[in-house]
Amino acid sequence: MSGNFWKFGIAAALVLLPASIALAQDALDADQTAALCHGGGSICVSAKIPAARTTLAVQSWMSPDVGAAWAAGYKGQGVTITIVDDFSSSSRFSGNFGIGTQYQRHGEWTREEASMIAPSATIRSKDFSTGSAVSLASGRNVLNLSYGMYATAGYGVNQIGWAPEEKSIISYATWGSAVVSKAAGNDSVAVGGVTGGQQDYLDLALIGKPTAIFVGALSTNGTTSNKAQLAWYSNYAGSNTAVQSHFLVVGVEGNKTGLYGTSFAAPIISGYAAIIGSKFTSATPVQITNDLLNTARTDTLVNYNPAVYGKGEASLSRALAPVAIH
Amino acid sequence: MRERSDIRGGSRAAAFLLCAFLGASPAAAQELTTSLVDIHQGSWLSDRARGLGNGGYELQDGSWVSFNRWYHSNWVDMHVDFLTQLTENSGILWGFGTGEQAEKYRIAPSLKLGFLTQTHPSLNSTLSLSVTSTFGGNLTEKPCVADYGELGTYSVNCRLAAGETAPEETLKYLVNATPERLRLWLNYRVTF
């Protein structure tokens, strides 16, 4: 199978992880998405759109940890989150992050969510349809990937003819240049598993990379008294220990926002990473990643099992706290 | 340990004692007598240090760290004040404070020095003035060493290690306070 064939195959299969499962009728199918981004030889321009600073209020869908971190002054300053997503298609859907109902593209939603978690972070938008390499900003970087790259199952990652975009992302995760927060997927299979005869090869390519974090969705934010469980749609960690050790879960309270899917889990981790980076100003992406992974909680989850929840539910307050103090 | 209002009460009691002493025993003035005029424990610095012990946070493993363990002192700063009468209507005020300390703060010992004078505008009234100065007695908060695992080990403000600004920035918020350095006290008393 030639490289060119694979580039087309990947482009045709580039899909948003279902932006809103409850609003699936609004989503484009894979072919429509590909046509928008690659059809007619058009090039989607990579844009840097300042994120709207719509509100600084802690919303009910957020973990209480976020408010605590804000009260302590950490809002992600000094860190750049690049949202690689759809900013150019005609596909829009409605939701409400607590600031009123809006009708937006997938990327506009994930960007808004990340900017609400880490309001002082610099947010950049990279339209994934361009395929051009993702550039990093100076300083600490976080990449948010609320999409997958699907193709027929059974190929090796090395057989994929990656576009410069994904090639750059995989490289950053490999060399620890940026924290890469990747939505786990919404097919109720293990990360990298086969669904409908296809696999998310971006998941597969990021397994074992030091700064890649796969993010699954819980149906609520967990507490010790009200434990959370994996959302019915969310992909889980599976038996691969390399995935388990880089898999986190967070609450995606779609009943409050109208927005479901691991697409809205990944921006929470992106925001957390930015907040940690704003406290530990000399931390490397590897250190930030490991801090998030090592401080995840398991006592807030129903029947914790690493094959389901990986490292557990991300805990921002614990990630900001010392291991020991004297 | 006394509450702050009690301390003020103690000061008022001392003032009353002073007035009573100077007004009631003019003959004793000639003998350069020294009298204990006030003894009390605590100050606004003690209160402030104790206030630092409120609260706490969780470490990464979820174990709770209470600030109280760092800011609890078994001894509360004790102040003892004396008056040495020089003349019928004047005297020297002097005294000391023992200071106090806990694991993460220290109130240094202090010395107090001043004078008291009085006059009688009328037969049944007394106007008295005292000025005292305090040396030492500073409240100094000590830092902690926080281990953030892979993110490094920092000298931090113990109270803010899990909650304010970058670790190195927390040191700016260590409490370093001084006691009331100069106190001027004017009292007018009428007897009827």
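Glycine is treated like the rest: Cβ placed from N, Cα and C.
Fair warning: this is a prediction, and the values are worked out from it, not measured in the lab.
Quick look at what TrEMBL lists:
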- A:1-24: signal peptide (SIGNAL)
- A:D85: active site, charge relay system (ACT_SITE)
- A:H106: active site, charge relay system (ACT_SITE)
- A:126-306: domain 'Peptidase S8/S53' (DOMAIN)
- A:S263: active site, charge relay system (ACT_SITE)
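Mapped onto this structure are the features recorded in TrEMBL.
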| residue | record | DSSP class |
| --- | --- | --- |
| A:D85 | active site, charge relay system | strand |
| A:H106 | active site, charge relay system | helix |
| A:S263 | active site, charge relay system | helix |
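Cα-Cα distance from A:S263 (active site, charge relay system) to A:H106 (active site, charge relay system): 9 Å (rounded to the nearest whole number). A straight line from the CA of A:H106 (active site, charge relay system) to the CA of A:D85 (active site, charge relay system) spans 7 Å. The Cβ of A:S263 (active site, charge relay system) has 31 neighbouring Cβ atoms from other residues within 10 Å, across all protein chains displayed. Counting other CB atoms no more than 10 Å from each candidate's CB, the active-site residues A:D85, A:H106 peak at A:H106. Over the domain 'Peptidase S8/S53' (A:126-306) the predicted model carries a mean pLDDT of 95.
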